[in-house]
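Annotated features in Swiss-Prot:
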{"type": "ACT_SITE", "residues": "Cys147", "note": "active site"}
{"type": "BINDING", "residues": "Ser12, Gly13, Phe14, Thr15, Asn310", "note": "NADP(+) binding site"}
Amino acid sequence: MSGYTASVVGASGFTGGEVLRLLSGHPEMAVTQATSRSYENKTVGSIHPNLRGMDLRFSSPEELESVDVLFACTPHGVSMEHIDAFQDAADTVVDLSADFRLDIESQYDEWYDGHNRPELLDKAEYALPELNRENLPGADIVASGGCNATAAIMGLKPLFDGDILGGGEQIVVDVKVGSSEGGAGGGEASSHPERSGVVRPYAPTGHRHEAEIEQFLGTGVSFTAHAVDMTRGASATCHVYPEEPVSKGDLWSAFRESYEDEPFVRLVAGGSGVYRYPEPKAVAGSNYAEVGFELDPTNKRVVVFSAIDNMMKGSAGQAVHAANIALGIEETAGLEFAGLHPVGAP
């Protein structure tokens, strides 16, 4: 019997299904409840066909069971509305939405539609374990980082850690994301006939994850997001212009110093073969992030690359990683598996 009990609220969506998949093989956590308003009493496998062997039915979110950890896989606005019920049911709440990622109420006024529980913002711990794992043990509310923000922050973090960037430089972030980012509900733009074959700018400016990136790097960024023809993945290409000259040796040192002890980060910079730089296809289905860089001395530019599976490192995998740390479990538990290769068309 696993040592900790878990419930998944909003379990019929893509992120909820991914959390269920991870917990189904977790050595220390067992799912005792999965909720869905739309599919109450239906088997989990009837909605998530990859989980047909899971002996669990969806229950009502109005009847939450007492558990050690609750994963809230709900749309923006739901967790802040129901956080009291979530906390009554669980010692630790891991929220996969944006409801508790930002620090202050004014940020929600600017980037979202306000916040109705601002008194809880300073009690929630942002979860990108490579950034702040020391804040997670014993946390009551864990706000799992967003997929686009995670991709960008993972790539840029070593440049700040290594004092290559100080905060006043120009930073341009271009992220390309898969269709699963739109969720199971999707929409016209996410349907196969509309999505197939596209490289579509959908947030040239003003993407909400820009606030998340700026908050945790402490500097402004110019952020653009494109929808592309893949199901899973987020690929960030970041263009930065350091004020002082930078060598490849400086970059290698900075990235190794930041990530050499990180269990879910791989440094991929040049080399030979097809996969010479980070690519979402190489991490599909896993909690790994690949990061890399290239130097453009002619234009005094550093190009940084980061690739994640938006459903894993950008969502469910990161949430389970954070929950492991919050509960005092070995942080890699249930996540130490490679991605899928080859991966076919979306």
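Placement of Cβ uses the backbone N, Cα and C atoms for every residue, glycine included.
Shown on the structure are the features that Swiss-Prot records.
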residue	record	DSSP (3 states)
Ser12	NADP(+) binding site	coil
Cys147	active site	helix
Asn310	NADP(+) binding site	coil
Other CB atoms within 10 A, centred on Thr15 (NADP(+) binding site): 28
Nearest recorded site to Cys147 (active site) by CA-CA distance, among binding-site residues Ser12, Thr15, Asn310: Asn310
Which same-chain residues, if any, lie at least 6 apart from Phe14 (NADP(+) binding site) yet have Cβ under 8 Å of it: Ser180, Gly183, Ala184, Met311
Residues near Gly13 (NADP(+) binding site) in space but at least six apart in sequence (CB under 8 A): Cys73, Gly183, Ala184, Gly185
Farthest-apart CA atoms of Ser12, Gly13, Phe14, Thr15, Asn310, residues recorded for NADP(+), distance in Å: 17
Which of Ser12, Asn310, all binding-site residues, has a Cβ with the fewest other Cβ atoms inside 10 Å: Ser12
